[in-house]
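Engineer: Provided herewith is a single structure, encoded as structure tokens, for subsequent inquiry.
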């Protein structure tokens with residue numbers, strides 16, 4: 001694509017000499033596009049690909065600085081990105097949730113009767129998915145970074161849709177388990193890749209709300225799935241769970257074709273954006289101080305991610321969160337089925353409000369985190385409180401108390417609002433493209449392990465109370481509250497230390513080409529400030 005011809009005279013034409021876009025300034029204050037001395041520690045191996053794009057199109061920082069000050073242009077490009085990206089992200093998230101949860105809907109109907117699957121085997125169907133997710137998630141994140149992201153995501157989407165269709169041909173636990181394993185492999189790319197996409201296309205203050213927006217479609221998937229499969233439940237001459245899998249698989253395969261042609265790989269290669277709009281998007285992303293895009297895997301950044309205490313705390317936080325999810329997602333409907341006397345259609349109908357409740361939790365939590373400065377860790381703790389209350393209600397109330405048990409069931413889902421905020425931390429609080437990708441992948445290992453453990457806490461012999469599972473959820477939620485404050489303390493200490501260094505003038509500054517978008521980590525960039 002050629003440079004836009006409507007650049008102001010003297011801007012965007014002629015070689016960009018010593019002045020390039022700058023990434024290494026304060027994470028929340030100041031303009032990184034103004035001429036300032038570089039204050040970076042560590043070795044800079046190469047430039048971010050966004051900087052190379054600007055050089056190739058002879059775009060100067062003076063021109064981009066003008067774009068950043070144009071509120072109309074910023075609002076216009078934000079709306080354009082929302083319209084191009086969010087429907088694709090939301091639709092994919094909607095389908096991956098329905099496909100993943102098809103097994104729980106099937107269990108409400110005739111899965112056990114037609115396949116001979118037992119309660120203990122059903123627990124393993126929930127865990128097997130995440131064993132595969134655990135194995136494939138890191139390689140999938142690597143593929144999404146090293147190869148065109150959209151092509152990787154759309155190919156995976158086609159594959160898991162095909163797996164859903166093939167699952168309808170199985171008739172026993174072994175075949176079902178094999179298909180669940182393959183489903184976990186191909187769905188493993190979605191959330192890590194989407195967090196990377198949001199981190200690239202949006203400014204830091206926008207990222208949490210956008211991630212919450214597409215994550216809301218887990219809730220819409222739950223509600224819509226309940227409505228759809230309630231109707232399917234009236235089928236008289238077909239196996240209901242097979243119909244569920246055929247519908248889900250068919251929708252996903254068709255959607256993967258749309259993704260292939262419409263989802264952009266990155267800012268620089270995206271179709272439908274002018275060079276001027278891409279320059280503005282790169283500048284906006286550069287203000288995040290986390291790098292824009294670099295497909296080179298840097299082992300030093302991998303090691304730094306694995307030795308970062310922030311990443312480990314997030315790992316444990318997400319692991320505990322997903323222990324809750326693993327049990328709640330797979331056994332919540334079975335608990336409600338017991339409450340309503342075993343009626344599958346009524347169980348499905350009463351599960352619909354749970355989907356809308358989840359939309360509320362997932363939307364409001366990230367929205368508040370994006371609107372209230374440095375309050376993310378507080379909101380992560382706050383949104384576990386309804387989970388604690390709801391779990392206590394399910395545990396202590398008799399099953400004859402329908403209203404109380406349903407209220408508890410709907411309240412438990414608030415933990416997902418906290419999860420979305422935690423999953424967005426690496427995208428906005430970790431510098432260096434490889435470190436950010438590795439951190440995201442490592443946090444998702446906790447996501448997988450938690451979902452493997454969660455179903456195993458719900459023992460078949462303890463049905464319908466599942467006291468061990470309920471106590472496990474309660475303990476995990478309380479532990480996460482403590483971890484939220486531990487994460488806040490750690491990041492606040494880092495910010496305070498860097499503030500003191502700046503005031504005392506004791507920063508170690510190495511020679512570096514001034515004002516460049518460099519792929520450096522938050523540890524190396526001493527002017528990086530962490531969002532709390």
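Glycine too: its Cβ is placed from the backbone N, Cα and C atoms.
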Engineer: Transmembrane segment per TrEMBL sits at which of 332-351, 352-371, 472-491?
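Structural biologist: My reading of TrEMBL: the transmembrane segment range is 472-491.
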Engineer: Pick from 55-77, 78-100, 239-261: which range has transmembrane segment per TrEMBL?
Structural biologist: 239-261
Engineer: Look up transmembrane segment in TrEMBL and report which of 34-53, 214-233, 274-293 it refers to.
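Structural biologist: From TrEMBL, the annotated transmembrane segment range turns out to be 214-233.
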Engineer: Please identify the range among 377-395, 510-528 that TrEMBL labels transmembrane segment.
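Structural biologist: My reading of TrEMBL: the transmembrane segment range is 377-395.
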Engineer: TrEMBL lists transmembrane segment for one of the ranges 148-169, 302-323; which is that range?
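Structural biologist: Of 148-169, 302-323, TrEMBL gives transmembrane segment for 148-169.
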Engineer: Apart from its near flanks, which chain residues at least 6 from the ends of the transmembrane segment (377-395) lie with a Cβ under 8 angstroms of it?
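Structural biologist: Answer is 317, 324, 335, 361, 365, 368-369, 404-405, 407-415, 417-418, 421-422, 465, 467, 470-471, 473-474, 477-478, 480-481, 484-485, 487-488, 491, 532.
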Engineer: Six or more residues out from either end of the transmembrane segment (148-169), which same-chain residues have a Cβ under 8 Å from its Cβ atoms?
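Structural biologist: Sequence-remote neighbours of the transmembrane segment (148-169) are 92, 95-96, 99, 102, 140, 175-176, 179-180, 182-183, 186-190, 193, 196-197, 242, 245-246, 248-257, 259-260, 263-266, 269.
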